[in-house]
Amino acid sequence: MKPTTIASLQKCKQEKKRFATITAYDYSFAKLFADEGLNVMLVGDSLGMTVQGHDSTLPVTVADIAYHTAAVRRGAPNCLLLADLPFMAYATPEQAFENAATVMRAGANMVKIEGGEWLVETVQMLTERAVPVCGHLGLTPQSVNIFGGYKVQGRGDEAADRLLSDALALEAAGAQLLVLECVPVELAKRITEALAIPVIGIGAGNVTDGQILVMHDAFGITGGHIPKFAKNFLAETGDIRAAVRQYMAEVESGVYPGEEHSFH
């Protein structure tokens, strides 16, 4: 199978073809996703909650991400594999480069970092040193203590303009992808249309170029609070492979996320 690349996603954006992505943390699920044609995966620091049982992503280390990245890469050798740089792993550009090198050696094609214009220098440095970067704006879980919880971001003109400005700054610095989390649909549309790079949404409506879900949410195995934007595809299909195919089909057709999964 031909490898999926950043250029593949750029082509999807140009052709207005929506694409699905998902988090993955181990060999078996990565192989299953790849076998079903779901070829863009993220080793997210969400593993702190879904795999390790913490109440936030903050305890996750670079070593944790590298371990799971290597496992996912073995399961899906041709996927486009993103890996999060976790909390406090990119406080300076130099630290970001050192930690990015670790997860790239483990098998990542790209690193994802959370934050706006303050990251411009870091994005430039990584890009110049052949480390592709995915930005992450809106609800950035590593900032949960500043936000005072997991809340929708970008409501109101000032907040919306700030997020659009951040998105443009990250793109100008060299970011090649952007994740938008928990923002109003109207803002997600503005940002997606303003950027040349593909935008992946989670809780951002069906107006972005792609979608991502935490796999535990997609299969209804998350304990406790279920995010508004989540949908249990396994409940509808009763089969995990069929659930993956259903998720992809609904994203590609624009059925998911629906109005009931979106914010305004």
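Note: Cβ is positioned from N, Cα and C throughout, glycine not excepted.
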Among E36, E94, E98, E114, Swiss-Prot assigns to the Mg(2+) site of D45, D84 just E114
How many other Cβ atoms are found within 10 Å of the Cβ atom of D45 (3-methyl-2-oxobutanoate binding site), counting all protein chains shown?
28
What is the biggest Cα to Cα gap, in Å, among D45, S46, D84, K112, the residues listed as binding 3-methyl-2-oxobutanoate?
12
